[in-house]
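These come from Swiss-Prot:
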ACT_SITE  K175  active site, proton acceptor
ACT_SITE  H294  active site, proton acceptor
BINDING   N123, T173, K177, R295, H327, S379  substrate binding site
BINDING   K201, D203, E204  Mg(2+) binding site
MOD_RES   P3  N-acetylproline
MOD_RES   K14  N6,N6,N6-trimethyllysine
MOD_RES   K201  N6-carboxylysine
SITE      K334  site 'Transition state stabilizer'
Amino acid sequence: MSPQTETKASVGFKAGVKDYKLNYYTPEYKPQDTDILAAFRVTPQPGVPSEEAGAAVAAESSTGTWTTVWTDGLTSLDRYKGRCYHIDPVAGEDNQYICYVAYPLDLFEEGSVTNMFTSIVGNVFGFKALRALRLEDLRIPIAYIKTFQGPPHGIQVERDKLNKYGRPLLGCTIKPKLGLSAKNYGRAVYECLRGGLDFTKDDENVNSQPFMRWRDRLLFCAEALYKAQAETGEIKGHYLNATAGTCEEMIKRAVFARELGAPIVMHDYLTGGFTANTTLAHYCRDNGLLLHIHRAMHALIDRQKNHGMHFRVLAKALRLSGGDHIHAGTVVGKLEGERDITLGFVDLLRDDHTEIDDARGIYFTQSWVSTPGVLPVASGGIHVWHMPALTEIFGDDSVLQFGGGTLGHPWGNAPGRVANRVALEACVQARNEGRDLASEGNVIIREASKWSPELAAACEVWKEIKFEFPAVDVFHKGKKKN
């Protein structure tokens, strides 16, 4: 080999493998206002120290790899690397730790949830040195938030569009979720909307199947929408699911909904993907459409308490990517959701500012500046007896969505909707009069049922229905405040 082509190790470079903690565990580091902060629940493999595990997470989700590389010398790793700056043991758990990691903002593309997640929850989740890894929370800095459009419209603009104030909005998912023809589907929509609903909804499974193509469904739903509006004098909506196999097809469906004069469309944001969701959110703002978001696939990601990603992170990501509604559990229905934890991410969706809150599982103070809020949707196994609890838990700025709790009424769809509307109005009136919905809820519903045979029939059908199972997602104290 000639002297000109001989490869020599540069000064300061030594090949080999180094412990991650030598470069990526920095307990002396003070997080910057512009850093993205992450709280990971880390379960190391036996024999792996917590400092090495936390540093490995910081390294593998930022600039690090398994061995030293000579190109490290071509950049400033101190500027770009993630840093594990604090570790707390998880109370009540063996060999589990909350590891806090700070990421410099320059690691992430502006306005891209896709890029943010590709780094923070990418390959590191398959790292062999870890038995399990869960992202519990993120602190998104204001500087990064301002690169996103966020929700197309937000809570106040939606209320102004609908001219509905002072109460939760009411919705219903059309059932059976699959198998109806477009005409029969439209008939069910009409019966629900004329009975007192604000919205009806495509099920998340409904896209464009052989039994009901999307264009036919939209046409019959639009007919039902306008007929119900003419009869009731109220503005109505149907969540037309625009989710499709390609972004181009998704936008085509949203365009058709706008041409029909529909006020709202829908997207399955996790199965559809964040790039598609952000694209649709931008279209909706530009064209005056509200955007309803379903979270199908979330439990695959967030239900296991030791591995995956907590829904509060997915909720923050949705507020960045864009959506005016998102399903958020019910606390009292058939789906997983402990009360305080649920209210924690409901606050993250609606409020301009949230503080650290142990009881609600919020690890970081989060400011949303001018980003519009998102309406939480309570849906899944709820009926009229749940109405007082739902009104008390979620408050006015929410959507209470009954599927089987409407269409399962013994007298049909329209009476089912009447029952729910009467129950809601009774709860709102009682609350405004100063009554305690938590303790007097059943009394309030029984009193209202004396004046509504539809509500009385619903009360009889669902009087024994309960979903009482312990929540998997509970908060373990023993964390550092940031």
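Glycine is no exception: its Cβ is also placed from the backbone N, Cα and C atoms.
Since this is a predicted model, take the numbers as computed values, not measurements.
Locations of recorded Swiss-Prot features on the structure.
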{"residue": "N123", "record": "substrate binding site", "Cβ neighbours (10 Å)": "11"}
{"residue": "T173", "record": "substrate binding site", "Cβ neighbours (10 Å)": "24"}
{"residue": "K175", "record": "active site, proton acceptor", "Cβ neighbours (10 Å)": "16"}
{"residue": "K201", "record": "Mg(2+) binding site", "Cβ neighbours (10 Å)": "28"}
{"residue": "D203", "record": "Mg(2+) binding site", "Cβ neighbours (10 Å)": "18"}
{"residue": "E204", "record": "Mg(2+) binding site", "Cβ neighbours (10 Å)": "21"}
{"residue": "H294", "record": "active site, proton acceptor", "Cβ neighbours (10 Å)": "28"}
{"residue": "R295", "record": "substrate binding site", "Cβ neighbours (10 Å)": "23"}
{"residue": "H327", "record": "substrate binding site", "Cβ neighbours (10 Å)": "20"}
{"residue": "S379", "record": "substrate binding site", "Cβ neighbours (10 Å)": "25"}
Response to the item:
For Mg(2+), residues beyond K201, D203, E204 with C-beta within 8 angstroms of the site's Cβ centre include exactly T173, I174, K177, D202, N205, V206, Y239, N241, M266, H294
Worksheet item: In sequence order, which residues at least six apart in the same chain have a CB under 8 Å from the CB of K177 (substrate binding site)?
Response: D203, N205, V206
Fill in: Rounded inter-Cα distance in Å - T173 (substrate binding site), K201 (Mg(2+) binding site)
5
Worksheet item: Can you name the recorded positions among K175, K201, E204 whose CA is within 10 A of the CA of R295 (substrate binding site)?
Response: E204
Fill in: Cα-Cα distance linking S379 (substrate binding site) and K175 (active site, proton acceptor), given in Å to the nearest integer
13
Worksheet item: Just checking: which of N123, H327, S379 have a Cα that is within 10 Å of the Cα of E204 (Mg(2+) binding site), counting only these binding-site residues?
Response: none
Worksheet item: When DSSP states are folded down to helix, strand and coil, where does E204 (Mg(2+) binding site) land?
Response: coil
Worksheet item: Roughly how many Å separate the Cα of H327 (substrate binding site) from that of H294 (active site, proton acceptor), to the nearest whole number?
Response: 6
Worksheet item: On the Cα atoms of N123, T173, K177, R295, H327, S379, which are listed as binding substrate, what is the maximum pairwise distance in Å?
Response: 37
